[in-house]
Amino acid sequence: MAGKKKAPTKAVAKNTTKTIAEQTDVPNDVTELKGEPIEVNGVTGVEELAEPDVISKTNGKQVVKAKKSKGQKNNVEVEVSDDKLVTVKSKRNNQSNGDEKQSTSNPKKSISTNGTARTKRKQEPENLPQSTSSKRSKRKSLEEQAIEVKRKKTEKTSDKIAIDNRIETPGIMMIKGRDIVIAGLFGLGPDREQLTNLTELKNYKFKLIAAGSMHVLGVTEDGKLMSWGCNDEGALGRDTSVEDSETRPGVVQIPEEESAEIYSISAGGSHSAILLSNGNVYSWGTFRDKNGDMGFHPDGKKQLTPKLIMSNVKKIASGINHLVMLSKNKVYTMGCGDEGQLGRICQRHSNRDSRVGKQLLLNPQLLNLRKKVDDIWANYDTTFLRLSDSSIYSFGLNAHGQLGVENDDKCVYFPQMSESLSRLKIKSISAGTQHVTLLDEQGAVYVLGDYKDGRLGMDIAENQKVPKVLSSLPQIKLATCGSDNSFVVTENNKLMAWGIGFEEKDDNDVIYYIPTDVDAANRIDQKTIVQATSSDSAVFLLLQD
């Protein structure tokens, strides 16, 4: 957060960059997208799990529910304790299938285990030529068959591989922001108005970084997961009982049976998640709602170390108190749903005290959309989806029109298509508490939502429900939002920002109403910014030589 609200000080903007060609706010010559109506599942029964790869968490136990394969009459349940496999319950009436495996086994192979029995492919014998060279022809035919089978298997599982978000060459992490001693994001000392590489971080090079509200995750060049910041709710995923161990980067231990690499990481207000190359998702910490701590498990307990929650996942995204996962072009959500950010629970059931309670909230559940989903973004209390037809759907908090939908409701509880966003070729979506920043494939930046305190980077006096282009910006390659500000990185490697600044002047917050050069970041010679992520009080940059 930007701290206690104080009388703002208007900053003198320094904008030294060249502008891109004039662009309209939203193209008007594009035919409106009339997508097929989606179908949402509304209130889902607690017992129902839409996909076999969801690992439900009930009173500390995991249950992997596997899909039926041929010859199998009923589902198979595999109970998993916190540490290892405990029992296997078979509900079948006939013979058991020895090929069934827990989805986390043999992580180096294709991730499409699904917890199901694999059916061997049957190849029809080819008619071999009857000649003196029949043995040679037969050998060649068998080799061709083997290649064909391998090709088919590769094609079948290619869309199930986790997206690798790591950069090829590791870089150093630099930070600009306000010190929070409690959070330990930056260590001890005065407010840091300059760009800083902490002493504790100088020994590491990172391939991935992600910032939550008050904690940070980073994946080092040798594949280790590091965390630091506030661990009050278990968001660091490691023991911090030793004094000052929160403020120093420490290694988060991934379960020993996992030999897969970390492909993606996400961090929320008090939870964290990682996606491995085999498609397994581990998460830990806790979720919070308007009434306080919800816990990570339905019984209210926190999760202090990484725990497997789902497999066969392609991408993950964290809001401040919810987690979104993309698997086989389908979307799963879990966490707090009181602002509609889960996209599958009506308002009367979104409270933990409802009849269905936390079972429905804290287990990954499916959004029953008719169309395939290609990408997901989650920020604070909002969720955005891009479907295979390029249309954009959104749900969650909409108090200032930040979802880009025609609905004027404060909260949108089920996915709705945004016609204005669907006309754009969106590359990434980032959001603060009340505003949204969009980056399109041409490097243009659009904003919508709350206009106050410079959040939209333009001189306007009303909220924006339709995306407005920031025509003063040059071509942009990266964009990220803090709670009340936005940061962008130009193609020429300059950092620019607008909104409530991290520094103070005369005990007041400094507000930048238009995009302004961040001088501290732009004084770094011969460095390229390759990743950027924001917390409530800092921006973290990953730099390469």
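A Cβ is built for glycine as well, from the same backbone N, Cα and C atoms used for every other residue.
Predicted automatically and left uncurated, TrEMBL annotations should be read as such.
Remember, predicted model here, so these are calculated numbers, not experimental data.
As recorded in TrEMBL, the features of this protein are as follows:
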- 14-26: compositional bias 'Polar residues' (COMPBIAS)
- 93-117: compositional bias 'Polar residues' (COMPBIAS)
- 140-158: compositional bias 'Basic and acidic residues' (COMPBIAS)
- 1-28: region 'Disordered' (REGION)
- 59-158: region 'Disordered' (REGION)
- 223-278: repeat 'RCC1' (REPEAT)
- 279-329: repeat 'RCC1' (REPEAT)
- 390-442: repeat 'RCC1' (REPEAT)
- 443-492: repeat 'RCC1' (REPEAT)
When pLDDT is averaged across the repeat 'RCC1' (223-278), the result is 94
Could you count the residues of the repeat 'RCC1' (223-278) that DSSP puts in helix, in strand and in coil?
0 helix, 20 strand, 36 coil
Three-state composition of the repeat 'RCC1' (390-442), taking helix and strand from DSSP
4 helix, 26 strand, 23 coil
